[in-house]
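What Swiss-Prot says about this one:
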COMPBIAS  7-17  compositional bias 'Polar residues'
COMPBIAS  63-72  compositional bias 'Basic and acidic residues'
DOMAIN    455-572  domain 'LTD'
REGION    1-72  region 'Head'
REGION    73-104  region 'Coil 1A'
REGION    105-118  region 'Linker 1'
REGION    119-256  region 'Coil 1B'
REGION    275-422  region 'Coil 2'
Amino acid sequence: MMEITRETMSFTSTTPSARAPLGGRTTGNVTSQDRMLKIVTEMRSGAGSGLSPFGQNAASTIRDSREREKKEMSDLNDRLASYIEKVRFLEAQNRKLAADLDALRSKWGKDTHNIRNMYEGELVDAQKLIDETNKQRKDMEGQLKKMQDELAEMRRKLEDATKGREQDRAKIDALLVTLSNLEAEISLLKRRIAQLEDEVKRIKQENQRLLSELQRARTDLDQETLNRIDYQNQVQTLLEEIDFLRRVHDNEIKELQTLASRDTTPENREFFKNELSSAIRDIREEYDQVNNVHRNDMESWYRLKVQEIQTQSARQNMEQGYAKEEVKRLRTQLSDLRGKLADLESRNSLLEKQIQELNYQLEDDQRSYEAALNDRDSQIRKMREECQALMVELQMLLDTKQTLDAEIAIYRKMLEGEENRAGLKQLVEQVVKTHAITQETDTETMRVVKGETASRQSFQRSAKGNVSIHEASPDGKFIVLQNTHRAKDEAIGEWKLKRRIDGKRENVYTLPRDFVLRAGKTLKIFARNQGVASPPDQLVYDAEDSFGSGNNVQTILFNKEGEERATHIQRQSTA
């Protein structure tokens, strides 16, 4: 009976990290007599090469297990007795592969238990990492929800501020309308006051004229009184003259009578007496007639003058009373208008003060509104960056979890497929390919593996204003600037972009004069020979072929005054 030996393979880890970085490419050779097993892994982002843990374990355990294989032969022969009927057709092949089977199956002993314990520990660590990741994810989701609530609160406050601003504007418009109405009313009152003052002036002139006419009438009255006295004197004189003439006539009559009496002839005496009587009667009638005419004329003229003076005086008194009443009324109205004007002026000053206070309040509200908008935009940018970082980190954790799940499944298949040794090489290659596939999805960090070392890159950026450094190539090929404002263009002409490498070397690029970065747009600046200039979206830094790369790279944007407006810090650490 032919003996068929069964050997076991064990894998142990001697690296500090207990697991090779995912996505690396390692090559290891395992040689046993005339059979060599080659394990190949791919490494997409590494910078060096080394033996994988499987190759190192295979090479180290083959030499140590040869003496032990001889002791385990008898035990393995007993265990493989049940397979004799199944492998009779492989007897010739078994003789040829006996040495290889002894070398390969010698690994499946206590080393398998060590591998199981090692990967069970890694599974526990991976489960803890998954739990911590889920916990962090829940915390981040809580923080995100809290930030969303704060954002909703800020939006509500912004809407309230906007409504208050609209109400203030409506109130200011109403006050302006009231002010314009009051100003129009004040202007109308001023015109009415001017008209009333003109009317008062005219009435004063009319009153002065009436006073002048009254004075003239009084003068005329005095003159007429003097004339009346003069006429009365003339009448008295005439009466006296008449009395004198009467006396003279009486004397003449007496003389004539005397003469007549001397005439002895009765006919003559009678004749002269009759003639004298007739003459006296005629004279008396003529005198009475003249006297009556003069008296009637004087009386009618006097009555007429007195009536005219009385009528004119009554009219002047009436007009003067009317003028006094009108002046009194106008003075009362003027006093009322002046009081109303004072009230309107005080109200106008109060309204102007209120308008000034509302303008100040409006300016404060506008400044608060702009500050709230800027704060909200900065918080939104910060939350977007944090969300992006959380999404990237979450994607990394999910990729790590998928990788660990794939490794666990493959190692479980390897442990369960202990009896079937034909697919060992395919399983190892599947593990390696899985590593390579999962490494390609890692976008946040880049691992460079050489032997047992790895490096990690991280970045941090900040901005004061709307212009930020959106992206900076780690190899220094390009830098991207972004205007985060949705409506405002930014003039960044003659701004300086400095890139400091490891605190030593520094490259400076000055943007063209009068360059404007449009709202919501980006500007990509290439190093020399790394891109084509296409303003305003692309520019070229002609001084260097690269902006520079290193372990600690700081990219800083300065304005024309030398103030720092945006930063982008890249760090690369080695573990």
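The backbone N, Cα and C atoms fix where each Cβ goes, glycine too.
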Tally of helix, strand and coil residues over the region 'Coil 1B' (119-256) according to DSSP?
138 helix, 0 strand, 0 coil
Kindly state the mean pLDDT of the region 'Linker 1' (105-118) in the predicted structure.
64
Could you put numbers on the helix, strand and coil content of the region 'Coil 2' (275-422), residue by residue per DSSP?
142 helix, 0 strand, 6 coil
